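Here is the structure we will look at, set down as structure tokens.
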């Protein structure tokens, strides 16, 4: 038996509770953490793979960017932007990668806000627009762990003291 609520009134969502502001802030923080992780990856490590058949660290970042955009294209096409070539491509320019991650995060944010303002579900995958944000945060956290594990397996683990300010502290600090 499903306990999902699919017919929730999303009009005036933020005005009623302030919850939307907090949810969007969590999305923004998630992206900040991801970009901080990208910049913390040691030089030359974007090509590392945990095993030969796995995607590289750089490919994981590009996969995240691609997934954000493909889900918007499939679920809120009115907010879609140009799709990158290839889901698992290797990229080594961190500045460009960070720019793409920031752009795709903004695209997801816009799609969710627009659908909430219109009181509409997503077209294909989600009963409620907030579920897209939750899925993306879960998905990206999964790959965040893969990236850190790959670095550890290669003897290039990120020290908690060094990475904490750009990851855990971003989540936990009050603004």
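Each residue, glycine too, has its Cβ placed from N, Cα and C.
Record note: TrEMBL gives 139, 143 as divalent metal cation-binding, and the candidate from 39, 63 in that site is 63. The binding-site residues examined here are 63, 139, 143; by Cβ neighbour count within 10 Å, the least packed of them is 139.
The divalent metal cation site is defined by 63, 139, 143, and by the 8 Å test on Cβ atoms against their centroid, the other residues of the chain that qualify are 60, 64, 67, 140, 142, 146.
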